[in-house]
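Below is one structure; the comments refer to it alone.
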Amino acid sequence: MAVAADEWLDSGYGACGFSAKLAPLSSAVPGIRVCFAGGVVEFLIYLVLGCFAGTLAGLFGVGGGMIIVPVLVYSFALQGFSPEVLTHMAVGTSLATIVFTSINAIRAHHRLGAVRWPLFAWMTLGIVAGCVLGALTAAYISGPMLQKIIGVFAIAVAVQMAFKLQPKAALAEPGKPALSLAGVVIGWASAIFGIGGGSLTVPFLVWRSVPMQQAVATSSACGLPIAIAGAASFVWTGWAATPLPAWSMGYIYLPALVGIAATSMLFAGFGARLAHRLSQVLLKRLFALLLLCVGINFLV
């Protein structure tokens, strides 16, 4: 639970919930000290981040979590958030924003009749349990170690995108137990990494002989229960965590949630339209390079 405003100020943290002390950011940006002038500047940063996250998500067809989490880690570090909680807050806040961005994607895919709702329903049973387990797992991992785990995952996704690694259909469509079990694994990993699960759900469904278009659509639908269950779990596991900045709800930082959600929902459509005018191969390789740099930086 966030500390009260007067306690926050008395403890040495600056105006508008920012740290006035701002210890050197050895874990992310060594030696840099930044003091934001107020909440307006902070909110503008999140609005801009939402624009980029929505555009890139629309361009590359991936959840914004792989973009939002790294940027929030750096942003929270520059604001002086404790290294022990800033990565957890980046993951929790990312999951909360996906609640809003996934709704538009679900509507679009549903209108096209591409979502396999029976598959979605049975996967959701496992996803909810997996997200709770993932949030509990993350709660027992230190902030710096969680950063390194996310870095490894970012590199893995970069390699997959750069070399277009996609499993070929090898098995029949999954039954109900297999769907629920896969949901547990996907939910667990998504909650740890702060993503909507598309980079995990699509390969699984394709491997189990679900057509690609339906796999993508069903994966988009699965992003909503992942985000809801994951965000709720990070509120719960972070409720008594310390030290949290003002305007926090567990491991969710509300100013970032509002700012990112507001613009990412609008710019996702712009990114999708832009994707039809640009080379998908080049774009995915550039994005893979970006993820590779993020992953290496998190590991160093």
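Cβ atoms are placed via backbone N, Cα and C, with glycine included.
A TrEMBL annotation is a machine prediction, not a hand-curated record.
In TrEMBL this protein carries:
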type: TRANSMEM; residues: 43-73; note: transmembrane segment
type: TRANSMEM; residues: 85-107; note: transmembrane segment
type: TRANSMEM; residues: 119-142; note: transmembrane segment
type: TRANSMEM; residues: 185-207; note: transmembrane segment
type: TRANSMEM; residues: 219-239; note: transmembrane segment
type: TRANSMEM; residues: 251-270; note: transmembrane segment
type: TRANSMEM; residues: 282-299; note: transmembrane segment
Of the listed stretches 85-107, 185-207, 219-239, 251-270, which one has the most C-beta pairs under 8 A with the transmembrane segment (119-142)?
185-207
Selected stretch (most C-beta pairs under 8 A with the transmembrane segment (185-207)) from 85-107, 219-239, 251-270, 282-299:
219-239
Take the transmembrane segment (282-299) and find every residue of the same chain, 6 or more past its ends, with a Cβ under 8 Å from one of its Cβ atoms.
56, 59-60, 62, 66, 70, 73, 147-148, 150-155, 157-159, 161-162, 164, 275
